[in-house]
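The structure appears right after this line, and notes come after that.
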């Protein structure tokens with residue numbers, strides 16, 4: 001399942017289709033129970049979902065639909081099932097049994113059974129199972145990462161910097177109240193602090209401008225004025241190292257408009273790129289080296305050059321009114337979500353593949 005700290009409802013693919021490798025079959029489960037429209041669960045527990053639950057007129061079952069920023073959408077029925085994690089058994093766990101959807105990347109979809117919603121909403125997996133803390137470590141390669149539910153402390157794990165969650169009780173049109181919202185306070189490129197007023201990082205009266213830690217979004221997205229300032233400074237500091245794609249119409253995934261040409265048989269000199277530091281209240285996240293550029297396959301620009309794109313994008317192009325810290329910049333960072341103390345922790349310089357092996361050897 002895809003681990004998504006930006007989503008509430010967990011779901012599984014429940015209808016076999018040509019590209020899906022793994023599907024949950026509710027008919028084969030004696031503990032599966034669909035939720036009818038008349039259930040209080042359908043009427044009240046779904047209040048934090050971005051699209052309100054509805055009633056399927058044919059089956060009279062509680063119908064849910066979810067759409068994501070990458071234009072993917074999925075829908076199906078709300079149901080209950082017994083989930084077993086390690087020694088924990090949780091009967092009556094609520095999830096979505098999804099039977100139709102629209103995908104932006106069917107190849108990626110085929111690799112997963114569904115999605116694990118881990119935000120602060122009442123139906124999220126972590127809330128339903130009663131965990132007050134969870135941690136994960138995303139590997140920078142195809143090797144295994146880690147998800148730990150509950151408390152954890154390891155002698156080999158370095159110090160963790162914490163930043164408090166920004167909690168908003170008043171409903172605002174553009175503020176996601178169940179997201180992991182933190183306060184971004186500034187950005188440094190190398191030793192240069194971007195000269196931006198603090199106010200550009202603070203949500204406005206509509207809630208637009210919150211900063212969310214979201215493992216379900218690939219890259220990091222910044223609001224227009226902040227992105228423009230970062231883009232300009234990064235170009236200035238790398239002009240002797242990198243050659244910009246000079247086609248103004250080339251935008252990777254519709255949101256990444258700063259890309260570079262690199263010789264067919266070479267790699268960018270990552271060691272000469274400046275470190276970008278995201279400065280949060282009480283904590284920093286450093287983005288350096290290979291995390292700054294992403295190789296684009298099939299760029300369609302002609303010639304033999306490879307194309308690498310800057311891994312920060314413009315929220316305006318994504319169509320969202322927020323700052324989003326995506327999973328690419330969380331790679332090899334120990335991420336701790338402490339719901340009891342309302343904070344997010346960053347533990348830097350962790351080799352997630354090695355940490356995974358260490359944990360296995362402790363079992």
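Note that Cβ sites are derived from N, Cα and C of the backbone, with glycine treated the same way.
Whatever TrEMBL says is automated annotation, not expert-curated.
Taken straight from TrEMBL:
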- 1-347: domain 'Peptidase A1' (DOMAIN)
- 4: active site (ACT_SITE)
- 214: active site (ACT_SITE)
Inset, instruction - List nothing but the one residue from 4, 214 whose Cβ has the fewest other Cβ atoms within 10 Å; the candidates are the active-site residues. - result: 4
Inset, instruction - List the Cα distance (Å, whole number) between residue 4 (active site) and residue 214 (active site). - result: 7
Legend entry - Segment confidence, the domain 'Peptidase A1' (1-347), expressed as mean pLDDT: 90
